[in-house]
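Novice: Before I ask anything, here is the structure I am working with.
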Amino acid sequence: MEAIPAIGLICGVDEAGRGPLAGSVVAAAVILDPARPIDGLNDSKKLTERARERLAPLIRERAIAWAVAEASVEEIDRLNILHATMLAMQRAVAALGCVPDLVRVDGNRCPPLAVPAEAVVRGDATVPAIAAASILAKTVRDAQMIALDGEYPAYGFASHKGYPTPEHFIALRRHGVVACHRRSFAPVRELLDNPELWPAGTLT
């Protein structure tokens with residue numbers, strides 16, 4: 001992990017949920033406190049669920065500021081997933097409650113922001129504040145998908161979190177598209193465009 005630059009408040013930003021076929025895309029923004037370090041920060045995808053659940057409350061407790069925001073399924077379908085992700089990131093930074101001196105965003109592009117920003121490829125594995133943001137975004141989105149599993153128990157959202165797994169494809173073919181599915185994503189759109197693929201009585 002990189003050391004935290006001594007140039008003021010550094011905000012890390014990352015997202016969770018760009019690839020799934022269902023659910024919102026979630027972004028988090030975190031300003032870490034150098035005086036209150038957190039051991040074990042890493043890209044959320046490299047951590048176990050147990051580790052993420054242990055670290056998330058520590059991040060909330062020790063960070064100078066943090067915020068989580070999202071873009072809805074409807075916004076994803078209207079804007080496309082890239083622009084919806086940028087919107088969620090903008091909302092997270094705006095919700096911090098303080099103005100960072102620099103925003104560092106995981107990936108190769110930044111959303112339009114009113115403060116200086118830079119994109120950091122693989123930043124979730126090299127920049128502590130981005131790693132912290134990735135953990136918050138991932139844990140919040142996972143909790144949302146577990147809640148959706150209670151609403152739509154036939155789809156297995158608690159296990160695959162909306163990603164295009166074989167289990168999810170089988171559920172789509174068997175039960176059809178529901179409100180939380182992203183209609184602009186190709187596998188979902190294919191079902192909508194081909195009613196003969198739907199189970200009887202499920203097309204809405």
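Yeah, the Cβs are placed from backbone N, Cα and C, and that goes for glycine too.
Pulled from Swiss-Prot, these are the listed features:
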DOMAIN    8-197  domain 'RNase H type-2'
BINDING   ASP14, GLU15, ASP106  divalent metal cation binding site
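Provide an account of the burial state, proximal residues and distances for the features listed.
Specialist: Mean pLDDT of the predicted structure over the domain 'RNase H type-2' (8-197): 96.
Take the CB of GLU15 (divalent metal cation binding site) and look out to 10 A: across all protein chains shown you find 28 other CB atoms.
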Novice: Mind giving me a neighbour count for ASP106 (divalent metal cation binding site)? Other Cβ atoms within 10 Å of its Cβ, every protein chain shown.
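Specialist: Excluding its own Cβ, ASP106 (divalent metal cation binding site) sees 26 Cβ atoms within 10 Å.
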Novice: Give me the sequence-ordered set of same-chain residues, not including ASP14, GLU15, ASP106, with a C-beta within 8 angstroms of the centroid of the divalent metal cation site's C-beta atoms.
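Specialist: After dropping the recorded site residues, what remains is VAL13, ALA16, ALA27, ALA28, MET89, VAL105, GLY107, GLY123, ASP124, ILE130, ALA133, SER134, ALA137.
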